[in-house]
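*Asks:* TrEMBL feature annotations, pasted as is:
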{"type": "DOMAIN", "residues": "39-123", "note": "domain 'Copper amine oxidase N2-terminal'"}
{"type": "DOMAIN", "residues": "290-697", "note": "domain 'Copper amine oxidase catalytic'"}
{"type": "REGION", "residues": "709-744", "note": "region 'Disordered'"}
{"type": "SIGNAL", "residues": "1-19", "note": "signal peptide"}
Amino acid sequence: MWLETLRWVVVALGVLASASPIPTPQLGASIFADLSPAELRAVRSFLLSRPELGLAADRGDSLATNSLFLVELQVPRKSQALQFLSGGRPRPPRLARAIVVFGEQAQPNVTEFVVGPLPRPSYYRAVSYPGRRPIPFAARPVTLLEYELMHRRLLELTEPLYRLLRDTTGFWYHNCSQRCLTFSDVAPRGLGPGERRSWLILQRSVEGHFLHPVGLELLLDHRSRDPRRWALQQLWYNGQYFASAHELAWRYEHGELALPRPPSPERLFSTYEPRGHFSTGTPTAVHGAKVCEPQGKRYRLQGNLLEYGGWRLALRLRSSAGLQLFDLRFNGERLAHELSVQEAAAFYGGSSPAAMQTKYLDSAWGMGALAHELAPGIDCPEVATFLDAHHLYDAAGPERFPRALCLFELPTGVPLRRHFDSDFRGGYRFYAGLEGQALVLRTTATVYNYDYIWDVLLYPNGVLEAKVHATGYVHATFYTPQGLRYGSRLHRHLLGNLHTHLLHYKVDLDIAGTRNSFETVDVRFENISNPWSAGERVVQPRLHRRPRRSERQAAFPFGRALPRYLLFSSPTQRNRWGHPRSYRIQYSSQAGRVLPRGWREERGVAWGRYHLAVTRHHEKEATSSSPYAQHDPWQPAVDFESFIRNDENIENQDLVAWVTVGFLHIPHAEDVPNTATPGNAVGFFLRPFNFFDEDPSVASRGPVIVRPRDPASAPAAVQRWTPARPGPGVAAEPFTYNGTYGQE
């Protein structure tokens with residue numbers, strides 16, 4: 001009884017806190033916090049209790065059931081959130097988003113619901129995407145159950161190929177216990193709406209199986225809700241197509257196949273185990289440099305509220321698409337309402353059917369729920385703060401993902417700023433420097449073979465960097481000579497297929513308020529008379545400013561040069577020097593188109609037409625993609641082009657920047673065993689541009705100023721605002737500096 005009383009006391013305190021006229025920062029951030037395990041269970045229990053939904057608590061082995069696929073936070077409407085954060089309105093109701101797959105009814109479909117209020121749900125309502133078209137059953141994400149059923153069906157369908165696979169690869173699928181084959185599937189699953197046909201790449205089930213295709217690819221039709229009706233429609237083996245497994249087996253038995261050389265029993269090349277050596281002999285069998293915090297952490301995390309230097313923000317890891325930040329402030333001023341990952345695309349080319357069909361849209365695989373445990377000392381420094389995540393994604397209840405995110409302060413290895421002021425006589429007037437540091441918020445998403453490392457870095461000068469590294473195994477197919485037009489040979493039977501990565505972000509900017517305008521600034525040359533030398537000319541650069549007044553004017557397609565300065569400004573607020581207070585988006589990207597505009601699947605990745613698109617904020621345009629785009633890119637639930645098509649005015653409006661970054665990856669031998677992160681990072685910066693009156697990092701107490709004494713032989717005067725000795729593990733002696741120079 002006392003537990004029940006305590007729970008109601010906590011709820012009552014929450015109600016009292018929500019009525020507070022000015023919410024505390026921690027309370028404000030909590031409206032964006034991910035659902036707790038108790039909240040996830042409450043939503044699941046409530047929906048299961050509704051007889052009209054007919055949800056199965058355990059779907060067993062059947063796809064023809066009504067099942068709960070996803071529960072996550074339903075983010076409050078921006079207007080509600082801002083009114084609460086400003087202290088003018090009550091706390092928004094806490095709601096959940098739920099995805100239900102209705103597989104039992106005559107016309108199966110996928111439906112999304114809003115469920116609330118939490119912690120005790122009492123209602124649900126169906127919601128739809130713009131256009132109000134039902135989400136087709138064939139567009140649903142693939143579940144663990146469907147994969148299990150695919151595996152079971154393949155055990156039967158590959159029986160005729162047992163001898164072929166055993167003799168040519170030493171591995172097999174049918175009736176396997178040890179030397180087994182596995183498969184990787186590709187998407188989209190067909191060539192048009194309503195299809196669910198997947199090309200499967202058979203691979204040896206060894207460590208790094210992605211690099212061990214055996215030369216056989218299968219087209220499995222698994223559209224029916226009855227797995228007994230699933231069938232192989234085509235097969236591809238070593239460059240040839242076959243209509244059935246029996247045809248391929250017959251051709252093998254009669255010696256009519258061109259067979260690849262069997263693999264040699266050499267050491268497994270896809271493993272991380274060390275091999276080879278460096279030529280210099282410098283030690284590598286000892287630990288390298290490490291991050292330390294000699295005087296403690298300089299950031300604070302309370303619930304989902306993060307504070308560091310002048311920064312304050314709310315964070316969450318949503319199951320569907322990953323990292324999402326809200327209410328980003330610097331020195332108390334909101335810079336953005338939201339910064340979030342929207343989608344990750346990887347489109348491939350190749351000569352095998354699986355390679356040419358591979359067009360991955362990774363939010364369909366649940367990028368947030370693919371943030372697996374981070375390893376201390378490798379993925380994040382040992383001193384990092386690690387955060388668990390809880391998801392209800394394709395599961396019977398909440399699941400805990402330990403150490404799914406981490407936070408740490410990182411020495412950047414380059415000073416934030418510095419200057420050596422020489423006297424040009426072998427001495428100096430002064431030296432001053434400020435060490436470079438940033439707070440890193442990191443998570444990952446392992447989508448099959450690829451590992452994305454998602455970072456947000458906060459710098460003490462009001463700069464934010466969003467960055468993603470690509471690592472993991474390359475998506476590879478069986479080598480044939482024709483494949484060299486689409487990639488590189490990486491091993492005897494291995495082709496690394498070319499592909500383009502695109503990563504998409506939503507940045508809901510609020511620069512000195514929710515009313516902003518957007519302009520681009522670049523340089524043009526002018527040819528003018530020289531005012532100090534008659535008859536001469538001067539050619540020099542001058543600023544060329546172009547206000548972008550409509551959404552079409554603010555959409556920058558791939559294939560055209562992106563203006564170098566992209567400025568979001570307050571039309572009404574200026575800094576001390578009379579400039580509009582602004583922030584700049586600066587790109588670090590080599591992105592390009594993945595398909596020609598208008599080509600079949602390209603509509604599902606319409607956001608990938610643009611480096612940048614700026615639109616007016618609308619709640620109905622909350623995301624640029626959906627979990628269904630992967631399996632129905634031809635008629636996507638979210639048509640990003642419609643965000644721009646109405647060409648709304650964007651002057652003095654609440655603006656959203658949709659940012660696309662990416663790179664072309666032509667795999668090469670050094671991608672074995674894994675793609676390394678150096679050179680495979682892309683992203684963008686948010687940088688103040690006349691937002692402040694001076695660099696706000698002058699508030700840091702980290703600078704060091706050194707001035708020479710007279711006589712020059714006397715120790716220099718060192719001025720600093722932090723302890724003279726950093727602490728154990730850094731330097732035993734205090735800081736010293738001698739700026740003199742000259743001949744020996």
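Each Cβ is built from the backbone N, Cα and C atoms, and glycine gets one as well.
What's the neighbourhood like for each of these?
*Replies:* Averaged over the domain 'Copper amine oxidase catalytic' (290-697), the predicted model reaches a pLDDT of 97.
For the region 'Disordered' (709-744), DSSP puts the residue distribution at 0 helix, 6 strand, 30 coil.
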*Asks:* What does the DSSP secondary structure composition of the domain 'Copper amine oxidase N2-terminal' (39-123) look like, as residue counts for helix, strand and coil?
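*Replies:* Its residues fall into 18 helix, 27 strand, 40 coil.
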